[in-house]
Amino acid sequence: MKLQFTKMQGLGNDFMVIDGVNQQVKLSTDTIRQLGDRHFGIGFDQLLLVENSPRADIDFSYRIFNNDGGEVEQCGNGARCFARFVHDKKLSLKKEIAVETARGVIYPRLEDNGHVSVNMGVPQFTPKEIPFLADAIEEGDRVIHSLDVDGVSFEISVVSMGNPHAVQVVADVEAAPVASIGPKIENHPQFPSKVNVGFMQIISRDEIKLRVFERAAGETLACGTGACAAVVAGIRRGLLNPRVRVITHGGELTIAWEGNSQAVWMTGPAVTVFDGTINLQGEEYAA
Ligand SMILES: N[C@H](CCC[C@H](N)C(=O)O)C(=O)O
């Protein structure tokens, strides 16, 4: 069966976006993995599925799959592309939409300058919410945890944006051990659902550089929820102001958070690369 899709990117974090409103889509884990392969398939960091929501107060349901085929809770760069997609495909005429994910509702808004702003919801910090198996019984949530990785202690901040993040401050992101330490922390036994690993360099109280070794996707050119988590961690550590420019290898994001139980706001680009059609085999289908 033929499946229509759109290839999109947010700061080089790239996606296969599928309209599950006008197509009935059923994809196995293996098929998602094959589609995500950059040599034998289409190639993407994540696959984003757009579906109707049964709730009257929600415009769409948003499902996210890493390129290993696993479904996850949230994707920030993907949220901006989601909003651009539903507008350009005329699935909604609204400038601001309510989108339900596995871990809460987010509110993307199309800006006049072509960027997209997203209310990414309220960050969570308690080990249980990450989930993170802390060393001691924690009172509430600690800003910095020590994590032992092969006998070396790393000072990490844990933040959930719906998906789990472990953020550390480094002197120079370009010299950071992203490829070696990233997978060790991603798969650390104290993260029962694994974790996205952020390496943040503080340039000033208003600017950071960031690299993220993403759970199940490896290092990406940018990570939207990773940028939110890094800024929240930096503010909680007393290192950053409430509005921060985040410089990634794929480009820049603006992240704002007023603290406590306020939502995190993310603003950045969302770009359509091409539309395509692919033939699905076997029990996969798109009607
Ligand atoms: N790898 C992430 C999902 C994609 C997040 C990232 N692409 C973003 O822009 O937030 C996870 O397993 O939680």
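Positions of Cβ are set from backbone N, Cα and C atoms, glycine also.
Keep in mind that this is a model prediction, so the values were computed, not measured.
Taking Cβ-Cβ distances under 8 Å and a sequence separation of 6 or more, the neighbours of Cys75 (active site) in its chain are Phe15, Gln46, Leu48, Ile64, Asn163, Gly224, Thr225. Look at Cys75 (active site): DSSP puts it in coil. What TrEMBL records for Cys75 is active site.
Summarising the annotation, TrEMBL assigns active site, proton donor to Cys75.
The active site, proton acceptor feature in TrEMBL is assigned to Cys223. Taking a C-beta cut-off of under 8 angstroms and a sequence separation of 6 or more, Cys223 (active site, proton acceptor) has the following same-chain neighbours: Asn13, Gly76, Asn77, Asn196, Gly198, Leu210, Val212, Glu214, Thr248.
Per TrEMBL, substrate binding site is recorded for Asn13, Gln46, Asn66, Gly76, Asn77, Asn163, Asn196, Glu214, Arg215, Gly224, Thr225. Using a 10 Å radius centred on the Cβ of Asn196 (substrate binding site) and all shown protein chains, the other Cβ atoms total 27.
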If I restrict to non-local contacts, at least six residues apart, and a C-beta distance under 8 angstroms, what lies near Arg215 (substrate binding site) in its own chain? Asn66, Val72, Asn163, Pro164, Glu186, Lys194, Val195, Asn196
Extra residues within 8 Å (Cβ to Cβ centroid of Asn13, Gln46, Asn66, Gly76, Asn77, Asn163, Asn196, Glu214, Arg215, Gly224, Thr225), substrate: Asp45, Ile64, Val72, Gln74, Cys75, Gly78, Val212, Ala217, Thr220, Cys223, Gly226
By a simple count of other Cβ atoms within 10 Å, which of Asn13, Asn66, Asn77, Thr225, the binding-site residues in the record, is least packed? Asn66
